[in-house]
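Report on the following structure.
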Amino acid sequence: EDSPARWRGGSGHLPLLLSRRCPQRTREAGGAGGGTDGRTDGMFVLGLPYAILHGGYLGLFLIIFAAVVCCYTGKILIACLYEENEDGEIVRVRDSYVDIANACCAPRFPTLGGRIVNVAQIIELVMTCILYVVVSGNLMYNSFPNLPVSQKSWSIIATAVLLPCAFLKNLKAVSKFSLLCTLAHFVINILVIAYCLSRARDWAWDKVKFYIDVKKFPISIGIIVFSYTSQIFLPSLEGNMQNPKEFHCMMNWTHIAACILKGLFALVAYLTWADETKEVITDNLPSTIRAVVNIFLVAKALLSYPLPFFAAVEVLERSLFQDGNRAFFPNCYGGDGRLKSWGLTLRCALVVFTLLMAIYVPHFALLMGLTGSLTGAGLCFLLPSLFHLKLLWRKLLWHHVFFDVAIFVIGGICSVSGFIHSLEGLIEAFRTNAED
């Protein structure tokens, strides 16, 4: 809690959960970073049934495939942190994703790789913040449809509540809610599954397709990938484990558990509502249950927002204002360590920016698919395999080379396809809203 920077860029709640799922414990389990959190973040599991709607059984296969690939790329990313010294011992010579990226671009462009990773990380973190505002407005609007308040107005109200995030100095206070939020979401997921099981006799097995919607399925790929993104924080997590040798064990079991839980949740929810499945699955619940569940989800979204917001601010401040002689702008902190007024204004502007994006692009699944295709695939599939080939080429066996190249090619195709189709969907949705 005292050192949030240790978890910068990672999932909001996963470090706490991971430290409890394997025999080892982390030395510092109180930190909380940013991302998507997506993934790995329980909030975005709500979009998985929508992915099954457009992908059918292939969508279920992709949930499994993405877990296997993300587990593998997480392991090879950590392998890039180590090198063999003169005595033949394997030692850790790098500390972060940025260090790995810079090592790959050295000596010609020693900082280029780190800047690319930072840009991808900022995009993912800011998009996660936008998604929290979007889902808050969406859930409140669908919980109280009879009130004369639009989804955009609910988003504005949510942002007004979130504005104090601009004054955050550290995540010590906020991180105390991290585990509580996660436990609350597990309870909500159980309630949704319990309702679905109560309607098991009406499950529409015949609606699960073996064919795919060619235009919309790439969006499903982005949604699934975004729900697994966690590579950014893995170097910090592995570095803080009491026994780093058990990192592979932790990766195996957590991805197996995530794969089973996400697959079952997505399938059971889709079987219950079939073609009526909505972008956020709780919108399908009966009005009485939906209002209660959605209020808890909104509370969780609002409590989760500060984590990726603070991580994004930290990366921006470190890259643009505190990078020594390479900083683009003057330091935003005074000599006494206090944030300058113009620095606070920029933080407020970032909060307002997430609101404006949520107002003009209020489409949860499409935004999630776009982010997963743009940064999720890059950080989880493309860059780890590329870095692994570059740094450890001489020591790799033929099957490692094959896996890395295959992941890079398949990940690249899925990323480009998902990005294009998500962007087309957003443009179409924007045009429709403009006409309305």
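All positions are counted from 1 along the displayed chain.
Cβ coordinates are placed from backbone N, Cα and C, and glycine is handled just like the others.
As given in TrEMBL:
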type	residues	note
DOMAIN	42-422	domain 'Amino acid transporter transmembrane'
TRANSMEM	51-72	transmembrane segment
TRANSMEM	122-141	transmembrane segment
TRANSMEM	177-197	transmembrane segment
TRANSMEM	217-237	transmembrane segment
TRANSMEM	249-271	transmembrane segment
TRANSMEM	291-316	transmembrane segment
TRANSMEM	344-361	transmembrane segment
TRANSMEM	367-389	transmembrane segment
TRANSMEM	401-420	transmembrane segment
**Touch test for the transmembrane segment (217-237) and the transmembrane segment (344-361), at least 3 Cβ pairs under 8 Å** = no
**Fill in**
Ranking 51-72, 122-141, 177-197, 291-316, 367-389 by Cβ pairs under 8 Å to the transmembrane segment (344-361) puts first 122-141
**Message:** Let me check one thing: do the transmembrane segment (249-271) and the transmembrane segment (291-316) come into contact, meaning three or more Cβ pairs under 8 Å with sequence separation of at least 6?
**Reply:** no
**Asked** Sequence-remote contacts (6 or more beyond its ends) of the transmembrane segment (401-420), Cβ cut-off under 8 Å?
**Response** 69, 72-73, 76, 218-219, 221-222, 225, 369-370, 372-374, 377-378, 380-382, 385-386, 388-389
